[in-house]
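Asks: I'd like to ask you about the structure that follows.
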Amino acid sequence: MANLSHTEFVLLGFSSFGELQVLLYGPFLMLYLIAFLGNTLIIVMVIADTHLHTPMYFFLGNFSLLETLVTMTVVPRMLSNLLASHAVISFTGCMVQFYFYFSLGSTSFLILSDMALDRFVAICHPLHYGTLMSWAMCVRLAGAAWATPFLAMVPTVLSRALLNYCHGNVINHFFCDNAPLLQLSCSDTHLLEIWDFFMALAFVLSSFLVTLISYGYIVSTVLRIPSASGRQKAFSTCGSHLTLVFIGYSSTIFLYIRPGKAHSVEVNKVVALVTAILTPFLNPFIFTFRNEAVKAVLRGQMQRLKGLHEALS
C-alpha cells in the first residue's frame, strides 16, 4: 500500500451514497454545463463588444475565465468518477490538479479584490478614474493576480510531492484537496500547515481585507449621494460583486483558514462543491440579471441575430 500510494490515489468522492451516487451525475453535469457556457458567454461578450471594453468588465472577463478553469480542473473527473466502480488518479495527476486548483482559486480572490478597487476608484474618485485605472494599471493588476499565486504554489505542491504517504492511498474527497493529502502522510506536517496558513493570509484574507475596506469607503460615499436614484444605481452596480464575495470568501475561509488535519472531510466535501461548481454556476446569472450593461449587450445581440434570421429567411 505504501508503494501504491506513490503511483496512484483512490478518490472516494461520494461513495458513501453507495449506488445512489449515480443519481448525482445528472444534476452535477447540468450545473457544470450551465456554468461553462454562461462564463464562456461573458468572456466572449467582454472581448467582442466595445461597450464592455472598460476596466470593470476587463476584470469580470478575467474572473469568468478563472471560474471556467476552476471547474475544468475538478468537475470533469468528479463526474467520470461518479460512474466508475473504482475511481483512481495518478500521483502526478493528483499533484497537477492540486497545483492548478489552488493557483486558480487564489488568483480568483486577487481578481475579486481588483474588482473592488476598481469600484472604489470609480465611485469615490470619479474625476481621477481614467488616470488611476488606466489600461496599463489594469493589466499590471491582473498580471500580478495571475502570476503571484502560480509562482507561490510551486513550493507548496513540491512539498506535497515529497511527503511520505504511508497511511494508505485512499483520499476521502472528490479531488486532491489539501487536508485529505495531509491525513495520508506520516511525515511531520507542522511546517507545511504553518506555510498553508501563511498562504491563506497572503491570498485569501489580504484580498478579503482589501475588498472590505474598499466597500467600506464605497458605502460611505454612496450614502452621501443626494439623489435616491444615484444611490440605487451605485449600489446595484456593486451588489452583484458583493454577492460573489460573500459566497466565495465564506466557503473558502471555512475550508482553509484552519489547521490542515483538523478538518471534517465529510463536511468539506459539501462545502468544496460551492467553490468548485456552485459559484461558477451563479456567476453568469448574477452578472447578467443584475447588470444593466450586460443585459443591454445581450438584448442587442439577440436583436442582431433576429434581424439576420429574418434577412436570411
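Numbering starts at 1 and runs along the chain as displayed.
Backbone N, Cα and C define each Cβ position, glycine as well.
TrEMBL lists these features:
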DOMAIN    38-287  domain 'G-protein coupled receptors family 1 profile'
TRANSMEM  22-44  transmembrane segment
TRANSMEM  56-75  transmembrane segment
TRANSMEM  87-112  transmembrane segment
TRANSMEM  132-154  transmembrane segment
TRANSMEM  197-218  transmembrane segment
TRANSMEM  239-258  transmembrane segment
TRANSMEM  270-289  transmembrane segment
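Locate each feature and note its surroundings.
Replies: Sequence-distant contacts of the transmembrane segment (22-44) (same chain, six or more residues past either end, CB-CB distance under 8 Å): 14, 60-61, 64-65, 67-68, 71-72, 75-76, 78-79, 82-83, 277-278, 280-281, 283-285, 287-288, 294.
Beyond the ends of the transmembrane segment (56-75), by six or more residues, the same chain brings 28, 32, 35-36, 39-40, 42-43, 46-47, 97, 100-101, 104-105, 107-108, 111-112, 114-115, 118-119, 122, 138, 142, 145-146, 174-175, 244, 275-277, 279-280, 283-284, 287, 293 to within a C-beta distance below 8 angstroms of the stretch.
Within its own chain, the transmembrane segment (197-218) has Cβ neighbours under 8 Å at 106, 109-110, 112-113, 116-117, 119-120, 123-124, 148-149, 152-153, 156, 234, 238, 242, 245, 249, 252-253, 256-257, 259, counting only residues six or more beyond its boundaries.
Within its own chain, the transmembrane segment (239-258) is flanked in space by residues 63, 105, 108-109, 112, 115-116, 119, 178, 196-197, 200, 204-205, 208, 211, 215, 268, 271-272, 274-275, 278-279, 282-283, 286-287, 290-291, which lie at least six positions past its ends and keep a Cβ under 8 Å from the stretch.
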Asks: If you average per-residue pLDDT over the domain 'G-protein coupled receptors family 1 profile' (38-287), what number do you get?
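Replies: Here the mean pLDDT over the domain 'G-protein coupled receptors family 1 profile' (38-287) amounts to 88.
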Asks: Grab the same-chain neighbours of the transmembrane segment (132-154) for me: Cβ-Cβ under 8 Å, and only residues 6 or more beyond its ends, written as numbers and ranges.
Replies: 55, 58-59, 62, 99, 102-107, 110-111, 114, 117-118, 121-122, 125, 199, 202-203
